[in-house]
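Now, the feature entries from Swiss-Prot:
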DISULFID  CYS153-CYS221  disulfide bond
DISULFID  CYS154-CYS186  disulfide bond
DISULFID  CYS170-CYS180  disulfide bond
DISULFID  CYS187-CYS200  disulfide bond
CARBOHYD  ASN169  N-linked glycosylation site
REGION    114-232  region 'Necessary and sufficient for interaction with ADAM10'
TOPO_DOM  1-17  topological domain 'Cytoplasmic'
TOPO_DOM  39-61  topological domain 'Extracellular'
TOPO_DOM  83-92  topological domain 'Cytoplasmic'
TOPO_DOM  114-232  topological domain 'Extracellular'
TOPO_DOM  254-270  topological domain 'Cytoplasmic'
TRANSMEM  18-38  transmembrane segment
TRANSMEM  62-82  transmembrane segment
TRANSMEM  93-113  transmembrane segment
TRANSMEM  233-253  transmembrane segment
Amino acid sequence: MHYYRYSNAKVSCWYKYLLFSYNIIFWLAGVVFLGVGLWAWSEKGVLSDLTKVTRMHGIDPVVLVLMVGVVMFTLGFAGCVGALRENICLLNFFCGTIVLIFFLELAVAVLAFLFQDWVRDRFREFFESNIKSYRDDIDLQNLIDSLQKANQCCGAYGPEDWDLNVYFNCSGASYSREKCGVPFSCCVPDPAQKVVNTQCGYDVRIQLKSKWDESIFTKGCIQALESWLPRNIYIVAGVFIAISLLQIFGIFLARTLISDIEAVKAGHHF
């Protein structure tokens, strides 16, 4: 039996530092997401009383920001250290996680296309759940307001969905000043007004439905998003393809570097 030493095998500095630079962006983005999330929780007093996390209603957008931050920070750290230290274990972790995320994204996209009714029902439940908690969380409130203003919509299927919120409910048991109203983000903007009128939605739903469209958006946000997607399908597809290509590029760099390291290690065993 003869053993040969591959004396020409070496780790490419080009791939090594390109992968390091690639992951620095991941790591820094993770730091930013974590910083923003922790700052937002600090502003709401969650950090000083962690039991508030379990008492939150609806979906707290900050949780999503923190989750993305943790994943990006962890991947960036593993990729940076793995590339600099030529650590196959960390590089395999980075590569494997990116591959997993890539296929999860692909699966979600395919399932969302095949089961559109199910997705629509889940989004309705999500929106209605957060309508109920509209006044409980400032971040959630800003998210819904931004969604309604950007899409010129109101509620999940229409303004009447705001009956789900205790403050906007039209029942006789409610003594809220916002009773039978909608949030200001449902209001049709007046170009003549330079200052946002946050009370423009008060008592709107007391009027006849035929007059609602004079002052508020009557289209539901689910319908608005369903109309928005076909009009912007090329933008959505472009973003998805760009993210996928970045992930594939990262996988390629990691696998190439792993192969170089393994070749060098194999060359030392003779």
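Even glycines carry a Cβ here, placed using N, Cα and C.
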Predicted model, mean pLDDT over the region 'Necessary and sufficient for interaction with ADAM10' (114-232): 89
Leading contact stretch, 18-38, 62-82, 233-253 vs the transmembrane segment (93-113) - CB distance under 8 Å: 233-253
CYS153 (disulfide bond) as reference: those recorded positions from ASN169, CYS170, CYS180, CYS186, CYS187, CYS200 with C-alpha within 10 Å of it: CYS186, CYS187
Distance from CYS187 (disulfide bond) back to CYS221 (disulfide bond), taken between C-alpha atoms, in Å: 14
Spatial neighbours of CYS186 (disulfide bond) that are distant in sequence (at least 6 apart) but have CB under 8 A: GLN148, CYS153, CYS154, GLY155, PRO159, TRP162, GLY201, VAL204, ILE216, PHE217
Which same-chain residues, if any, lie at least 6 apart from CYS180 (disulfide bond) yet have Cβ under 8 Å of it: PHE168, CYS170, ASP203, VAL204, ARG205, ILE206
Pairwise CA distance, CYS187 (disulfide bond) versus ASN169 (N-linked glycosylation site), rounded so that it is a whole Å: 17
Fewest other C-beta atoms within 10 angstroms, as judged across CYS153, CYS154, CYS170, CYS187, CYS200, which are the disulfide-bonded residues: CYS170
Neighbour count (Cβ, 10 Å) for CYS221 (disulfide bond): 26
Which same-chain residues, if any, lie at least 6 apart from ASN169 (N-linked glycosylation site) yet have Cβ under 8 Å of it: TRP162, ASP163, SER176, LYS179
Long-range neighbours of the topological domain 'Cytoplasmic' (83-92), counting only residues six or more past its ends (CB under 8 A): 11, 16-17, 19-20, 23, 254, 257-258, 261-262
Assigned conformation of CYS221 (disulfide bond) - DSSP reduced to three states: helix
Residue distribution over DSSP helix, strand and coil in the topological domain 'Extracellular' (114-232): 61 helix, 2 strand, 56 coil
